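Now, the feature entries from TrEMBL:
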| type | residues | note |
| --- | --- | --- |
| DOMAIN | 308-364 | domain 'MIR' |
| DOMAIN | 374-430 | domain 'MIR' |
| DOMAIN | 435-491 | domain 'MIR' |
| TRANSMEM | 29-48 | transmembrane segment |
| TRANSMEM | 116-138 | transmembrane segment |
| TRANSMEM | 144-161 | transmembrane segment |
| TRANSMEM | 199-232 | transmembrane segment |
| TRANSMEM | 253-274 | transmembrane segment |
| TRANSMEM | 563-586 | transmembrane segment |
| TRANSMEM | 607-625 | transmembrane segment |
| TRANSMEM | 637-660 | transmembrane segment |
| TRANSMEM | 667-692 | transmembrane segment |
Amino acid sequence: MTKVSKGLNQSKKVKKSTSSAVAADSDGSTWWIVFGIVLALSFATRFYKVEEPDHVCWDETHFGKMASWYINRTFFFDVHPPLGKMLIALSGYMTGYDGSFQFSNPGDKYTDVNYLGMRVFCTLLGAAIVPFCFCTVWEMTNSLTAAVFSASYVLFDIGTLTLTQYILLDPILLFFVMGSVMGLAKFNSYSDRSFSKSWWFWLTFTGIMLSCAICVKFVGLFIVVYVGLHTISELWNILGDLSKPISYSIQHFLARALCLIVVPALLYSFFFFIHLNLLNKSGHGDGFYSSAFQSQLQGNSLHNASMPRELAYGAVITLKNQRTGGGYLHSHWHLYPQGVGARQQQITTYSHKDDNNKWRVKKLDVEPDETDPITLVKHGDLIRLEHISTRRNLHSHDELAPLSRKHYQVTGYGENGTGDANDVWQVLIVDGKKDEIVTTVSSRLRLLHFLQNCVLTATGSQLPKWAFEQQEVSCNPNLRDKNAAWNVEDNIFPKLPNVSFDVYAPSFLERFFESHAVMLQGNAGLKPKEGEVTSRPWQWPINFRGQFFSGQPYRIYLLGNPIIWWSNIVFLLSFVLVFILSAVYQQRGITLPDPIFEARRQRLKESGAWLFVGWLLHYTPFWFMGRVLYFHHYFPALLFSSMITGIVLTYILDAVLLYIPEKFKSVVYHWTVGTILSSTVYSFVLFSPLAYGMAGPLANDPNSTMHSLKWMDSWEF
C-alpha cells in the first residue's frame, strides 16, 4: 500500500464528521488528481512570462555577475556561502551562457545574452516549492483539504511568485528550506517502520536539504535549528518508550547523528572545497583575505611570487591589517575635512590592491640612500613610514580620531618625507624577542607611536563619503587592541634575495575557516546603499511596503498578495487562541463527543504547533539583527505561516461540520472550500500585474489601471 493510499484510508475512518470524508474518495484517485492540478498550476504560473523583462532586474546584477565570475573562475568576496551562486553558474554554463555579460546595473538589456537558462533554473526550483508545501501538510495531517488550502496560499501569492522568477538566491533557498520541512514530514510518516529503506532515504534526504539550505545563505541555520528541535523531541519520546531497550534509543540517536550532522557537515565542506578550487584566479575580493590566502590565486601579485623574506630599511612595502577582512594601510591626497581633527592627509584602510597602499620603511633620523649597506628591521626598532605617492609620513598626535573618539587621529604629515617627531613608530613583533628580524607575511606586527604611546589600529568603522567610505585608522591608547596587528605583504627590495611565497600556502581547512570568518563579519556589517529601500521586521507580516524589481517602462514590484498575507495574520493569531483553548480543555479533562474528530483535532494541533515554531524561528531572529534588512527576508517565514493557515482553516471547517445536519454537510463543505479558493484565485488575478509586468502611470495616478489596488499609501507601484 502506498503512503498516499494509507493516508486516504486513515482519512476515511473519520467518516462524515469532518471535511476529509467529503474530500477523499474510495480509490485514492482524488489525491492524485488534486496533486496534479497543484503541480500544473504551479509550473504554469511560475513559467508564464519568465523571459520578461529582458533586462537585468534588481539583484540579478549581483548574482548574475557572480555566476559570470564562477564561469571565468575569478575569485570574489560575498557575504553568502557559495552553493546558490555555483548552481546558478552551472545552469548558465550548461545552457550556453559564456560568462561575458557584465550585469553592471539594473535595467541593462540582455542583448544577445543567453540569460534564460539561469532564470529558468531558479524558476524551476521556485515552482517546486508549492508541491513541496502540499506534500508536507498532507504528511503532517493526512488532510487533503489542509494540503490544498496551504498549497493555494503559496501558489497564489504574488510575492512568492515574483521572488522565484529571477536570477536570485531566494528561490534556491526557499526550495531547500521547504525541501527540509517536507523531508522531515516524510521521514516522520515512516516512524512505524524504523530503519527501513524508505526511513533511511527520507532521513538522508532531510540532511542533504539542510546542508544545501545553509550553504545558500546563513539564514538556512534557522531550518537546521527547527529540524534539530524536532529531532530532540522525537528522541525524547523514543527514550520514554519503556517497551524498547535503551539500545534501541541509541540506534535512533546514532542514525540521526549520521544523517543530520555528519552527512550535512561533510557535504557542506565539499561545497566549499569545490568553491575554493574553482575560483583560482585573482579578482576584486582578494583584499578581504589574508596574504597567505591570496598567494593561492592566479594573477594575484602574491601568486608564485618571490620577494625578500626579511624586511630591510629602504624597502617599499604594503601593510595588511590582520583583523578578519582587514584592509591595507592606505593614504591619498585628500585631507580630513574641517572639524575632523587636524586638516592633514587622510589615512584609512582599503580592501583592494592599489598603489596608494605602498610605504617606504625609513630609519628614525636618516633618509634612505641606495649606497647604504643593508640593515634589517628588528623587533623594537624606531622607524618612520613614508607614503610613496604623496611623500608624507605616517603620523599621529593628540587630536581625536574621526569616529573612535577615545582614539587619536592618524594622518599623513610633512613634505617630501620630512616631518616631525610625531612620525616615529616602534616596530613590535607580537611575542617577539630582542633583535628578532621582521619577516614578510609571517611576522605579526604592532606599530607603537613613540610619543603618544598608542598602537596603530584598524577600527573597522566605515568613514563617510569624504573618505570614500573607506575604513577608519586610528591610534588606540589601549595597547592590547586585538585589531592592532599587521603584517608585511608586499616587500620590494632588490638588494635582498627573494624566496617563494609557496612557503606560506594555507591548507584547505585554514582557507575554509578564514572564508567563514570573512563572510560572517561582512554579513554583520552590511549597511544600506544610498537610495536603497530597506525595511524593519514589524513591516513584513502586514505587507507594509514592497520592492521594485524593475522600473519603467516595464514595472515589476515585489509585494505579497494582501488577501493572503493579511488572512495569514488572522489565522496565525487564531492558531495561538485555538492552541491555548485546546491546552485548557486538555488540562481540565474536557473531550469532544466525537472521539475520531478528537484524535484528528490533536493531530492538526500538533502539526500546527511545529509549524508555528518554524515561523517563529524564521521571523523573530531578525528583530535582534543589527545588519541591514529587506522585505524578502520574511518569505521563508511566510511559507510556515501559509501552512499554518491551511491547517487552521481545516480545523475550523471540521469543527463547523460537526454541528451541520448530515444532509447539508457536503453542500456546506464544498461551498466553503470553493469560496476560499476562489477568493485566493481572484486576488491573484487582481494583483498579478505586479509580478507579470505593469505599464503606464503609477498607481497614485487616477488614470492608472492599478489605481484602485493601491490599498496602502506605502505601496509604491
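Quick reminder: no glycine exception, Cβ is built from N, Cα and C everywhere.
Remember, TrEMBL labels are computer predictions, not curated facts.
For the transmembrane segment (29-48), the most Cβ-contacting stretch among 116-138, 144-161, 199-232, 253-274 is 116-138 (pairs under 8 Å). If one looks beyond the transmembrane segment (144-161) by at least 6 residues along the same chain, the residues whose Cβ comes under 8 Å of a Cβ in the stretch are 8, 11, 19-20, 23-24, 30-31, 34, 38, 41-42, 45-46, 126, 129-131, 133-138, 174, 543, 546, 558-561, 564-565, 568, 604, 635, 638-639, 642-643, 645-647, 649-650, 653, 673, 676-677, 680-681, 683-684, 687-688, 690-691.
For the domain 'MIR' (308-364), residue counts in helix, strand and coil come to 3 helix, 29 strand, 25 coil, using DSSP.
When each of 199-232, 563-586, 607-625 is scored by its Cβ pairs under 8 Å to the transmembrane segment (253-274), the top-ranked stretch turns out to be 199-232. In terms of DSSP secondary structure, the domain 'MIR' (374-430) contains 3 helix, 29 strand, 25 coil. Residues of the domain 'MIR' (435-491) grouped by DSSP class, helix first, strand second and coil last, total 3 helix, 27 strand, 27 coil. Long-range contacts of the transmembrane segment (563-586) within its own chain (CB-CB distance under 8 A, at least 6 residues past either end) are made by residues 153, 156-157, 159, 541-543, 601, 605, 608-609, 612, 615, 638, 641-642, 644-645, 647-649, 651-652, 679-680, 683. With a threshold of 8 Å between CB atoms, the same-chain residues lying at least 6 positions outside the transmembrane segment (199-232) that come near it are 80-84, 169, 172-173, 176-177, 179-181, 183-184, 186-187, 190, 193, 255-256, 259-261, 263-265, 267-268, 271-272, 519-520, 523, 610, 613-614, 617-618, 621, 633, 636.
Counting same-chain residues at least six beyond the ends of the transmembrane segment (667-692), those with a Cβ under 8 angstroms from any Cβ of the stretch are 19, 22-23, 45, 48-49, 52, 145, 148-149, 152-153, 156-158, 161-162, 165, 546, 556-559, 561-564, 649, 653, 656-657, 660, 705-706, 709, 717.
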